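A.B. asks: Pulled from Swiss-Prot, these are the listed features:
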SIGNAL    1-26  signal peptide
DISULFID  C29-C70  disulfide bond
DISULFID  C36-C55  disulfide bond
DISULFID  C39-C64  disulfide bond
DISULFID  C43-C66  disulfide bond
DISULFID  C83-C129  disulfide bond
DISULFID  C94-C114  disulfide bond
DISULFID  C99-C123  disulfide bond
DISULFID  C103-C125  disulfide bond
Amino acid sequence: METVTSLVFIVNLLIIFTSVVNQARGDTCIDGLGYCNNCDERCKAKHGPSSESSCDRSVGVPLCKCYYECESPPSPPAPPKKCDGGAGICSQRCQGQCCDMNCAQKYIGGHGFCNTLGTFSFCQCEYPC
């Protein structure tokens with residue numbers, strides 16, 4: 001009696017574990033569906049007509065395993081493109097913070113910095129486009 005109780009306990013744990021956890025092997029996933037009654041029908045109903053099922057008898061009690069094609073994760077969104085623009089000349093009256101403020105007013109989401117080329121200092125802006 002104790003052996004049967006232990007076996008039932010182990011089988012129940014296995015059923016719970018396999019029904020909750022999907023194991024990914026390459027592009028094929030496995031879903032444990034419990035006992036083998038109507039295994040193929042339940043597999044196809046849950047994961048589509050291309051899924052395949054089998055009854056695993058390695059633990060003593062036949063358990064249904066459903067093999068199906070895993071969904072690929074969504075690709076991450078592309079980073080926003082950055083565009084360049086200008087907001088005039090940097091001077092003693094309008095330096096870094098002033099340039100940044102001018103770019104923010106001129107371009108949505110814009111930021112600016114003073115960029116010196118030779119003897120001239122231009123207010124250069126970067127903004128999402």
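In case you wondered, yes, glycine gets a Cβ from its N, Cα and C as well.
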A.B. asks: Measuring Cα to Cα, how many Å separate C64 (disulfide bond) from C36 (disulfide bond)?
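C.D. replies: Distance (Cα to Cα, whole Å): 5 Å.
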A.B. asks: In whole Å, how far does the CA atom of C36 (disulfide bond) lie from that of C43 (disulfide bond)?
C.D. replies: 10
A.B. asks: Pop the Cα-Cα gap between C66 (disulfide bond) and C55 (disulfide bond) into the table, whole Å please.
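C.D. replies: Rounded to a whole number, the Cα-Cα distance is 9 Å.
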A.B. asks: Name the one residue among C103, C123, C125, C129 whose Cα is closest in three-dimensional space to that of C43 (disulfide bond); these are the disulfide-bonded residues.
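C.D. replies: Out of the listed candidates, the nearest Cα belongs to C129.
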A.B. asks: According to DSSP, does C39 (disulfide bond) sit in a helix, a strand, or coil?
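C.D. replies: The residue in question, C39 (disulfide bond), is helix (DSSP, three-state).
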A.B. asks: Which one is closest to C83 (disulfide bond) in space, judged by CA to CA distance, out of the disulfide-bonded residues C66, C94, C99, C125?
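C.D. replies: Closest by Cα: C125.
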A.B. asks: Give me the long-range Cβ neighbours of C129 (disulfide bond): same chain, 6+ apart, Cβ under 8 Å, in sequence order.
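C.D. replies: Long-range Cβ contacts: P80, K81, K82, C83.
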A.B. asks: What's the CA-CA gap between C103 (disulfide bond) and C123 (disulfide bond) in angstrom, rounded?
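C.D. replies: Distance (Cα to Cα, whole Å): 8 Å.
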A.B. asks: Would you kindly give the Cα-Cα distance separating C123 (disulfide bond) and C94 (disulfide bond), rounded to the nearest Å?
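C.D. replies: With the alpha carbons as reference points, the distance is 9 Å.
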A.B. asks: What does DSSP say about C94 (disulfide bond): helix, strand or coil?
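C.D. replies: SS state of C94 (disulfide bond) = coil.
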A.B. asks: With an 8 Å cut-off on Cβ-Cβ distance and a minimum sequence separation of at least 6, pull the same-chain contacts of C39 (disulfide bond), or say none.
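C.D. replies: Same-chain residues close to C39 (disulfide bond) (Cβ under 8 Å, separated by 6 or more) are L33, S53, S54, C55, C64, C66.
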A.B. asks: Counting every protein chain present, what is the number of Cβ atoms, excluding its own, within 10 Å of the Cβ of C66 (disulfide bond)?
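C.D. replies: Total other Cβ atoms inside 10 Å, all chains included: 22.
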A.B. asks: What's the CA-CA gap between C125 (disulfide bond) and C99 (disulfide bond) in angstrom, rounded?
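C.D. replies: About 8 Å separate the Cα atoms of these two residues.
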